[in-house]
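Student: Pulled the feature table from TrEMBL, pasting it below:
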COILED    118-145  coiled coil
DOMAIN    10-129  domain 'Response regulatory'
MOD_RES   Asp60  4-aspartylphosphate
REPEAT    233-266  repeat 'TPR'
REPEAT    444-477  repeat 'TPR'
Amino acid sequence: MDSKALENLRVLIVDDQRSFQLMFKGILYSMGATNVAFAPTGEQALAKCINMDYDVLFVDYHLGTGKNGKQLLEDLREKKLLKPGSIFMIVTSENTVPMVMSAVELEPDDYLIKPFSQRVLRNRIQKIQQKKHQLKALYQAMHDEQYEQVIERCQLEISQAGRYQQFCKRVLAETLIKQQQLDTAEQVLTQNLLQHRSGWALVLQAHICFERKAFEQCLALCEEALESNRYFAEALDLKAKCYMALSAPEEALKAIQQAAEIAPHSIKRQYLVMDIARELHDTPQQVSASKQLYEITRRSLKQDVIHLQNYIRTVIEAAMEADDPQLKNRYQQETLIALQRARLDESMIRDIDFDLFEVLCQARLESLSGQQFQAKRTYASVADLLNEQEHSLADAVLLLNQIGEYEEAESLKQQLPDSTLSNPVLNAILRRQTESTGERRAHFAEYNKEGIRLYKSGNYHEAARHFEQALELAPMNTGAALNYIQSLLQLLTQHANNRSKPGDAFERCRKTFRVVDHMPLPEHHRVRYQELLARFEKFRSELRR
């Protein structure tokens, strides 16, 4: 290749520094580039690529507050906006391990650290061009996801002992594993490992061992790969999975924490962090991972309000589990800040009724602060909206269980949509709440059931005592409150018939009505409430005489 490596090629420079754009254009002009476009943000670059095919893209990692260079590459690949022969090179001054490794994991064509010489840039581009030219048919098959052709093209290059045979062996093994042709993939890897114990081959062989549940062998291969490259985050991911399969979550957490420190900007990796941290009840780690997931996706094609909701739900759960008042308050403040910040991001929340979600979160915080009546009133203000907003049903379930409205929570739980049931983070939160409230719910049900039996037998005093104990466990439970009121009214009736003083039964009855006053009630509760209220008002009138 001559010095005019970029002649007749369409070039896009994506960098938010105008001075670098102009300086870099001069360098590219000396390499034959005459068709050069600029984009200061990832969003503008994506828009340009929708309207134009570019042959070479030079992209900075940091691009202001929008998409970064890594996210731009992900989006371009997802939308198939990069031609098979296009070159995508990250050109940046960012040289920290987490940023570099997170970008390298996505495998851009190259990663060039500023400052660099024109000679280095030219050599890098020419090497990539030679590779893309030689393997043109392979890159096309990979772009089109024609896996049989990918396998054939790799085998052809390997059989000819071409200069890119190592690259083709790796692509071949990866494709065979993806197609679940594990035996064939193992043959390719075994032959390669006999010649050279390369890291990529060791990790791919480890993947096969993991699929076959040969966890100890998988761990040994990962360790060998890490000895040659301690920044091999994928090997650490596999180690973590193996340790989880071997029921060693503490070791798994150590491995996945190392991987996340090396390359934190991986969605799959952060989900794995959350899974392992949840197994160990490591609340701070769960909060950190859920926040990372939100930050990773908020400016990419994988942006989804679910990540925001999961982050906020995780922080609320952390606040509920915190024993230290200062830590609890810190998590509560983090929740409020996250809600406030999200409200400013219209692109994030436009697909849901964020007001409803925010109100339910606010009610959960009120309950957490001991304001149970206020939490129930807050819920009552939006309860009618839930039938039209399935995305917040789960948050209503969490709130209702939190304040002790177990029956209504269970009723709403049966209505949860499939999208909720497929959300692993939310499912885990719901499951954990069910487990943590199980004993309380069982005791509540026992007291309530015994109270009903005693009431039916005419033992109103003992019935009231049992309903009172039920309400101590679930202060806002509508059914138990109505049962308690009904028992107290029977005691008031007995006192009236015996012409004896009612004691504190009237006052207890009045206070308990606060649990159900002005609340949306199911039909059977509403009718019963009105009947009991009428009886109570009658007693009130008689006492005033």
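Quick reminder: no glycine exception, Cβ is built from N, Cα and C everywhere.
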Student: Six or more residues beyond either end and a Cβ under 8 Å away: which residues meet both conditions relative to the repeat 'TPR' (233-266)?
Tutor: 70, 97-98, 101-102, 104-105, 199, 202-203, 206-207, 210, 213, 215, 218-219, 222-223, 225-226, 272-273, 275-277, 279-280, 282, 285, 289, 292, 296
Student: Can you tell me how the residues of the domain 'Response regulatory' (10-129) break down into helix, strand and coil by DSSP?
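Tutor: Counting residues by DSSP class gives 54 helix, 24 strand, 42 coil.
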Student: Within the repeat 'TPR' (444-477), count helix residues (DSSP H, G, I), strand residues (E, B) and coil residues, in that order.
Tutor: 27 helix, 0 strand, 7 coil
Student: Does the residue listed as '4-aspartylphosphate' have same-chain partners at least 6 apart in sequence with Cβ under 8 Å from its own Cβ, and which are they?
Tutor: Val14, Asp15, Asp16, Gln17, Phe20, Gly69, Ile90, Val91, Thr92
